[in-house]
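J.: One structure follows; several queries about it will come next.
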Amino acid sequence: MTSYTESSEESGSRMPSEILTSYYDYPTHDQESWWRDTGPLFGRFLKGAGYDVHTQYQYLVFFIKNILPSLGPYPARWRSTITPTGLPIEYSLNFQKNSRPLLRIGFEPLSRFSGTAQDPYNKIATADLLNQLAKVQLHDFDTQLFNHFMNDFDLSRAETEALQKQGGINGKSTVRSQTAFGFDLKGGRVSVKGYAFAGLKNRATGIPVGQLISDSVRKLEPQMHCWDSFSILNDYMEKSDGWNEYSFVSWDCVDIERSRLKLYGVHNAVTWEKVKEMWTLGGRIEEDATIKAGLELLQHMWSLLRIDEGNRDYKGGFAADNGGKTLPIIWNYEINKGSPHPAPKFYFPVHGENDLQVSKSISEFFSHLGWDDHARQYPHLLRQIYPNQNISLTERLQAWISFAYHEHTGPYLSVYYYAAERPPWGSDQVK
């Protein structure tokens, strides 16, 4: 594999994002401000990951036309659940053997009404974005599952009023979001993922999160044939008290019979023993050869990252006085049609850890896997993406490292990044 940091652009030429900044007439001041804060960085991710110049322009225009108008007022007034800093957008890179990194965008659409009396729980922006994406005519884009989970988890008018009487999102709950989107940028196409959070529905109705999710998944059995696999997961989650207000569901926005389901959640016990337990679903799938192989690599990555073990006091966001080391472990179980059991994925919190040391640990792990190109190029890639930051001093540019292992494709690692030019610390921090 050639260097994915090489570019077809001549040395010294202007980047596509710089050219678009010069020529695009932004319809609002908010959009212009969001572009200057997130657009050039997005452009550096595209270039750094090895996308050719034509594809860079394609995805930059998609960003300007579809994401930028849905970022809401600048600076952000709505604290999103999808990032440690509360920003409504996150970039990530996925790494696999013998391929260039794949860039993804995680995104919660916002509007000027988000969090106001007109739209206290941010429904308007999601509906507007779904309508916009339908007009773009993306390849294989389908909203069946989005509509299904929105119908099951969205708050009714009566539930909204009940939640407001409890104090709304200014009360005890830190979960503010109901839906979010993911965009995979591959092969000149945009693949869409949907996310739905059950926390607010739980607070408004008193129905346990696990029951909300289980009831919703059960309705999909005639088309997705995933109930047996889900039942293994649900049995473990119920007996280990694993469901909580942070649990949520994800799916591919394609035809329902071809989509995967992913169940997410968090746990404050950041210890290897808890990771091992959750990877094997409390021992339920520990004899599976793929699970064993993945667990061995997962333990090696854990040892390289040297994450402080202990019980995290996660209450949303991060605390400035402890370097941000309050983030929990995030887990994810993927359920495919006909699969005998869920496939685990873990997200290790590195928000608050030294970015240079984290990049070295990632590089060492790539070397252990025999991914020599990724190992050699990753530290340079991080500096290329954040040229104005001294990564030997920063601690919050890389937020999470996720790891999964599949029988046919092997290891699968992603890194999640801060997605704005503003530093994720100091007086301009999103509160």
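Including glycine, each Cβ sits where the backbone N, Cα and C put it.
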J.: According to Swiss-Prot, Lys193, Tyr195, Lys262, Tyr264, Tyr347, Tyr412, Tyr416 bind dimethylallyl diphosphate; identify which of Arg77, Arg79, Arg100, Arg104 is listed for that same site.
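T.: Between Arg77, Arg79, Arg100, Arg104, Swiss-Prot records just one in the dimethylallyl diphosphate site with Lys193, Tyr195, Lys262, Tyr264, Tyr347, Tyr412, Tyr416, namely Arg104.
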J.: Compile a sequence-ordered list of residues in the same chain as Tyr195 (dimethylallyl diphosphate binding site), six or more apart from it, whose Cβ lies below 8 A from its Cβ; state 'none' when nothing qualifies.
T.: Ile82, Thr179, Ala180, Phe181, Gly182, Phe248, Val249, Ser250, Tyr264
J.: Let's check the environment of Lys193 (dimethylallyl diphosphate binding site): how many other CB atoms sit within 10 Å of its CB?
T.: 21
